[in-house]
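Chemist: Input: one structure, supplied below.
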């Protein structure tokens, strides 16, 4: 479990520098679509490296930067392709990385997809914290939205607006008896603590009829109620039920946070979305980056002037 220090906020003035992990760490999970074991390893990286993926099962494979422009497939997940090499289902892991404020990291994976773990970002958060976070000798860079950008497809839309911090608002619209109409909108005022407590453990979800159809096409072979909320025509099938009343929409925010981190920096802006998904999230990021008048890259000399609250490196520990 995660344990917070008594100080809920950054209490002392400290430099707002880039972060990586202290030491390499590895885990094995299950591929959502293959159903096969997948080895995952995180390694520290130098300043200004960014987040980079590498296929450990392919000798001499080309490293894949975590870039919105390398997303070539958004069917049910965000998938990166570079130099003919693919790494899929990256959004939950990227959400954890964004939530902890990690700037530089090498992710080595032994298959074409990141393991699904429990269907949320929480296992990745725990793993990164076990490795330990450390600050580096360079200021952390942020992308500040200076002009509202909106993308729309049919009735679905997503936008980023200028805002002093980072806020995410999301609304879904499911006409299903198991998805309460009163819990289809959620908001997150981003901070590391809010991310861990309110968002990181929200699981992905799927409808039983869709899962059965995918399995007929050799997809979702690793999917189960251990790593997803499964819904039939009327009910949630997981015996333990939901972790939050609004877990469905919280997970959509979790996905969006990971998709948005493909912009390359932590965001200063307000994200609003209605029925958005991986494709629209990616389109939004590309649209923002297409015009330098939409944004500016900024740094902060200290955490007091930085409008985003990251917990200090000693503010979270892993127990058990």
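Even glycines carry a Cβ here, placed using N, Cα and C.
The shown structure was predicted, so the numbers you read here are calculated from the model rather than taken from an experiment.
Reproduced below are the annotations present in Swiss-Prot:
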type     : residues     : note
ACT_SITE : 278          : active site, proton donor
BINDING  : 92, 251, 255 : Zn(2+) binding site
Chemist: Beyond the listed site residues 92, 251, 255, identify every same-chain residue whose Cβ lies within 8 Å of the center of their Cβ atoms for the Zn(2+) site.
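Modeler: Here the non-site neighbours turn out to be 91, 95, 119, 120, 121, 202, 203, 204, 252, 253, 254, 258.
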Chemist: Fewest other C-beta atoms within 10 angstroms of its own C-beta: which of the recorded positions 92, 251, 278 fits that?
Modeler: 278
Chemist: Across all chains shown, how many C-beta atoms besides its own are within 10 angstroms of the C-beta of residue 255 (Zn(2+) binding site)?
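Modeler: For residue 255 (Zn(2+) binding site), the count of other Cβ atoms within 10 Å is 24.
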Chemist: Three states by DSSP: which one describes residue 92 (Zn(2+) binding site)?
Modeler: helix
Chemist: Give the three-state DSSP assignment (helix, strand or coil) for the residue listed as 'active site, proton donor'.
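Modeler: Looking at the DSSP assignment, the residue listed as 'active site, proton donor' belongs to a helix.
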Chemist: Whole-number Å only: compute the distance from the Cα of residue 255 (Zn(2+) binding site) to the Cα of residue 278 (active site, proton donor).
Modeler: 8
Chemist: Would you kindly give the Cα-Cα distance separating residue 251 (Zn(2+) binding site) and residue 278 (active site, proton donor), rounded to the nearest Å?
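Modeler: Residue 278 (active site, proton donor) to residue 251 (Zn(2+) binding site), Cα-Cα distance: 12 Å.
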